[in-house]
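Going by Swiss-Prot, these are the annotated features:
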type: DOMAIN; residues: 1-159; note: domain 'Obg'
type: DOMAIN; residues: 160-333; note: domain 'OBG-type G'
type: BINDING; residues: 166-173, 191-195, 213-216, 283-286, 314-316; note: GTP binding site
type: BINDING; residues: S173, T193; note: Mg(2+) binding site
Amino acid sequence: MRFVDEAVITVEAGDGGNGVASFRREKFVPFGGPDGGDGGRGGSVYIQADDDTGTLVDYRYTRKFRAERGKNGAGANCTGRGGEDVVLKVPVGTTIVDVESGDIIGDLVEDGQRVMVATGGDGGLGNTHFKSSTNRSPRKFTTGVKGEFREIRLELKVLADVGLLGMPNAGKSTFIRAVSAAKPKVADYPFTTMVPNLGVVDADRHRSFVMADIPGLIEGAAEGAGLGIRFLKHLARTRILLHIVDVQPIDGSDPVHNAKAIVGELKKFSPTLAELPVVLVLNKLDQIDEANREEWCQHILTELEWTGPVFRTSGLLLEGTKEVVYYLMDQIEQQRELEAEDPEYARKVKAFREQLEAETREQTIAAKEAYRAMRKAQREADQDDDFDDDDDEVEVIYVR
């Protein structure tokens, strides 16, 4: 199934049913009073998080959703039936944004969580409501209220504790395969991973966390190179970034330069995202002679001026991966405990998360608009070239 992490749709709640003007008519009661019923309420539109839904692909093909209109009232003070609600299911981790105002309508982070995005219109009033001491037979009634209309943007960000970061072919997919049950595609060419992959990592019994593998970045990603920064937003909900560095790239490139390029692209996309804790993993040690491994790794760390946590691994041979898992599990548990025990720390974390969400959203939208503008300019340039080529051609006139 195609992975789609953003969609713009329109939702329209149902209109309320109309009230009616009706009068009681029974045998021996020729002039009964008003008994017009009210109209039914229009159906509303809800969006609900669902664990069994993994992508927003359905909303790329069907973009308009409308709830049912309420039924009109009837005589004998019968209220019309309310319109059926519409419930749209989306993956857990979906943020709902009002396109016009930019306001966040809701953030669905739990299975079954539901948000109303368009409210159904109230039903109209029957003529019973307009009876008075001076007007015993009112013929007045009201029509139903229009249902709410909205254009909304659905943004999916995967929910993970740890996000993998690195160049294409650095071994991120091999690493997540080594430590979890996730089975992303693995090959010897760049951009094997085209969509985010999630894996549950079990450190010990009843101790686990979720790891996310996103497509690799290359230098210039912030300007749209490679797969660009489309998937970087999926790191916005993580607690820790795991920077995977290929110590012996197959293309002969410098691992130090590659690592610095990744950090640079991350800062360009979101300075706040770059403030997340980073754990460095020097991967693919099996590609280096054992006698030279330590010296080469130390050279990389010195050039990077790295002072944070670092691990040496071979995802292919499962060497050093368990140590990384235990370290990450300990760090995640410490963060969870602090948030539960220290309200001030929890408040700061929440503020940081809100700033990070807003920043990544703005950068993603700006990047997409820049990409569309670039594509439009390219198309216009191609059309101009075609026009010029036509002018240079020899004109042939057929005479009968």
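Glycine is treated like the rest: Cβ placed from N, Cα and C.
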Take the C-alpha atoms of G166 (GTP binding site) and S173 (Mg(2+) binding site) and report the distance between them in angstrom, rounded.
11
Among the binding-site residues P215, K284, S314, which ones place their C-alpha within 10 angstroms of the C-alpha of S173 (Mg(2+) binding site)?
P215
What does DSSP call S173 (Mg(2+) binding site) in the simple three-state scheme?
helix
N169, S173, S314 as binding-site residues, winner by CB count within 10 A:
S173
